[in-house]
Amino acid sequence: MASAHGRLGQHVLAVLDVVLRVPSIFIIDAIFSSYSDPGTGWTGTAGRALIRALGILVSSVVLVLSQKSLFKFYTLFAAVLLGAASVLINYYSTSHIDFYSAYNRAALGFGLLPRSGATLWLGLALLQLLLGLGYVALLNVQSFCAALLVLDIMAPLWGLMMELPPQVRQALALSSGAILAAHAAINLLWKLKWFYYSCRYVYLLLRHMYRIYGLQLLLEDTWKRIRFPDILRVFWLTRMTAQAVILVYVVRVVRSESGLQLGWDLFWDLTSNLIISGCDSMLTVLGMSAVISSLAHYLGLSILAFIGSTEEEDKRLGFVAPVLFFILALQTGLSGLDPEERLIRLSRNMCLLLTAILHFIHGMTDPVLMSLSASHVSSVRRHVPVLLVSLVLFALPVLLSYVLWHHYVLNTWLFAVTAFCVELCLKVLVSLTVYALFMIDGFYNVLWEKLDDYVYYVRSTGNIVEFVFGVIMFGNGAYTMMFESGSKIRACMMCLHAYFNIYLQAKNGWKTFINRRTAVKKINSLPEVKGAPLREIEDVCAICYQEFAASARITPCHHYFHALCLRKWLYIQDTCPMCHQHVYIEDDGHERAAFSNNNGYAAPGQERAEFEGEEGGADVGGAAGGAEPENELLEDNDSIEYDEEEWGTQPGVTLVEEEYINEDTDSN
């Protein structure tokens, strides 16, 4: 129970930590969005600029304060607000003879206070008493001084109750306010020492972290410490909620006055206005990006749970989606556009973002699809979710392209969206084709030597098409930058696109092609065993542990494998899987190739003496003619090379134990 209360307290503190930082974002956004009149002269302009800079500085400092300092700051701020409220109530009540009627008019006709005079003064006294107690409690004032401050706050009400002259009542209210203001100023000046040491501590801490970890880690630590994405989400949602309430109130007023009928057109207008106002500044764009991050994050988790994937790298959708949205907003200048044009540009950016999210989801489902097919998982329940997601990924781009082509004319944006949709459909088809090939291979349960070639051809075709689309999109972006809306951010994004999606993709594809061609050449240069000699070996491939049905390839180190298995291995490294010697062939390698199995025994009818003196020091002929047992270990299934002197000096090792070890390793 204690731990549950502790976790609840931590959650409450976390919520308060986020909520108390949100007003700083509102102030910064209001300062950046405020209009400055240039016709007031340079002094007025300089004064406003100074006030704006001071407001941004103070708000930024409050935004990055530690949790303890943030709570202390708001404690002082709340105390000052309570003191100011009590002073204003005293001044307002002593400045009006008919206080109740004035208050009633100021409160929009709502009778919040009792109507009788004695009860009115008693209610005001209770309110001032609560304000005074809150003030002294927040500032942690000593008991005697606290009593004096409460009496000072209550003094103007006594003047009202005793019906003193108006001048006396006003003087009493002014003196009470001056005493309270002086006390608050003294407390704030006393807190300046704490503020100075807190700022100095934060500065030293930041400087120390910058020197040790660098600027990037410092920014990441601050980002996580203050929970900046959560702050942006609360800021954006609060702002949108307030604007929605205002719009609904305005619609109700207009409807009551003019009889306006509610309909889908009015609802669409209200929604459009909310969306337009939700991205009218850089901070609101960041807030919308944070909300998109949450939606994309939970969407990615739902898809991962649906398809049964546990890869941690696939959970990055909540990071990729907001970054893409923010880059598109910067690239198109979203916050600086006119309202109608902003709505159109936002809808276009959302279409591009949707296609990017679909591409990322395909990257999440493709490994699961390949894993299920290559592992020959027989459970239909495991296959259906992944296939269903793949079909949705194929159908959604087709539907999106159909709708857009029926409502818009061809332009660079529509061309880009269509290209992304076609590319996604082709990638899904490639994945489903490879999946079908693997499933066919698992259904027949025999070695399909051409499977690797077919998979390579299908994937290579998909990669070539993707490369062509990358070049086309680069040309489309260049045309947009030169003739429609050029910007530095767009130019930077085009450079990144050219490097990552064109240059690196072409380089990796060419490297894969060269490696594959080299592996095929090496495989073709190795001697091949077929027919009766292959059947008399009576062993399996050391890579796939399957029997040799048609043929086998012999390496220079006298190990043999399936040609397909060895070729896959040579894609990764140019060494024998058994003994890790380099796979190469001498000029007379075909004449001197040995038909030795993976355990070191010769095939029937083959001379073993011709291999004496081969590289590696293995006296294979000695194994058949009574050589020492140590040499047999050089041709065992694991091909472990032992030092002869070290092996001979092992205590307690006899010939019987050595023969047992040889038999054990051979059986493996």
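Glycine residues also receive a Cβ, built from the backbone N, Cα and C atoms like all the rest.
Automatic prediction, not curation, is the source of TrEMBL annotations.
Beyond the ends of the transmembrane segment (12-35), by six or more residues, the same chain brings 52, 55-56, 59-60, 62-63, 67, 70-71, 74, 226-227, 230-232, 234-235, 238-239, 280-284 to within a C-beta distance below 8 angstroms of the stretch. The transmembrane segment annotation in TrEMBL covers 12-35 (among others).
Remote same-chain residues near the transmembrane segment (47-66) are listed as 21, 24-25, 27-28, 31, 34, 36, 73, 199, 202, 222, 225-226, 231 (criterion: CB distance under 8 Å, separation of at least six residues from the stretch ends). Look at TrEMBL and you will find 47-66 (among others) tagged as transmembrane segment.
The transmembrane segment annotation in TrEMBL covers 73-92 (among others).
Annotation source TrEMBL lists transmembrane segment at 138-159 (among others).
What TrEMBL records for 171-190 (among others) is transmembrane segment.
Taken from TrEMBL, the feature transmembrane segment covers 231-251 (among others). Within its own chain, the transmembrane segment (231-251) is flanked in space by residues 18-19, 21-22, 25-26, 29, 63, 260, 262, 266, 270, 273-274, 277-278, 283-284, 286-291, 294, which lie at least six positions past its ends and keep a Cβ under 8 Å from the stretch.
Sequence annotations record features per position, and here TrEMBL assigns transmembrane segment to 283-307 (among others).
Packing against the transmembrane segment (319-337) from elsewhere in the chain are residues 279-282, 284-286, 288-290, 292-293, 295-296, 345-346, 349, 352-353, 356-357, 360, 485, 487, 489-490, 493: each is 6 or more residues past its ends and has a CB under 8 Å from a CB in it. Per TrEMBL, the feature transmembrane segment maps to 319-337 (among others).
Tertiary neighbourhood of the transmembrane segment (349-365): same-chain residues 292, 296, 299-300, 303-304, 307, 309, 311, 314, 317, 320-321, 324-325, 328-329, 332, 334, 386, 389-390, 393, 396-397, 400, 404, 413, 416-417, 420-421, 423-424, 427-428, 431, selected by CB-CB distance under 8 Å and a gap of 6+ residues from either end. Sequence annotations record features per position, and here TrEMBL assigns transmembrane segment to 349-365 (among others).
Here TrEMBL flags 385-405 (among others) as transmembrane segment.
If you look up TrEMBL, you'll see 412-440 (among others) marked as transmembrane segment. Listed by sequence, the residues of this chain that lie at least six past the ends of the transmembrane segment (412-440) yet keep a Cβ under 8 A from its Cβ atoms are 348, 351-352, 355-356, 358-359, 362, 365-366, 369-370, 372-374, 376, 390, 393-394, 397-398, 400-401, 404-405, 448, 451, 454-455, 458-459, 461-462, 465-466, 469, 472-473, 476-477, 479-480, 484.
If you look up TrEMBL, you'll see 460-479 (among others) marked as transmembrane segment.
Residue counts for the domain 'RING-type' (541-580) by DSSP state, with H, G and I taken as helix and E and B as strand, are 10 helix, 8 strand, 22 coil. Per TrEMBL, the feature domain 'RING-type' maps to 541-580.
Annotation comment: TrEMBL describes 596-630 as region 'Disordered'.
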Long-range Cβ neighbours of the transmembrane segment (138-159) (under 8 Å; 6 or more residues past either end): 75-76, 78-79, 82, 86, 90, 93-94, 121, 124-125, 128-129, 131-132, 168-169, 172-173, 176, 179-180, 183, 187
The answer for the transmembrane segment (73-92), taking Cβ pairs under 8 Å and residues 6+ beyond its ends, is 20, 62, 65, 99, 102, 124, 127-128, 131-132, 134-135, 138-139, 153, 156-157, 170, 173-174, 176-177, 180-181, 184, 187-188, 191
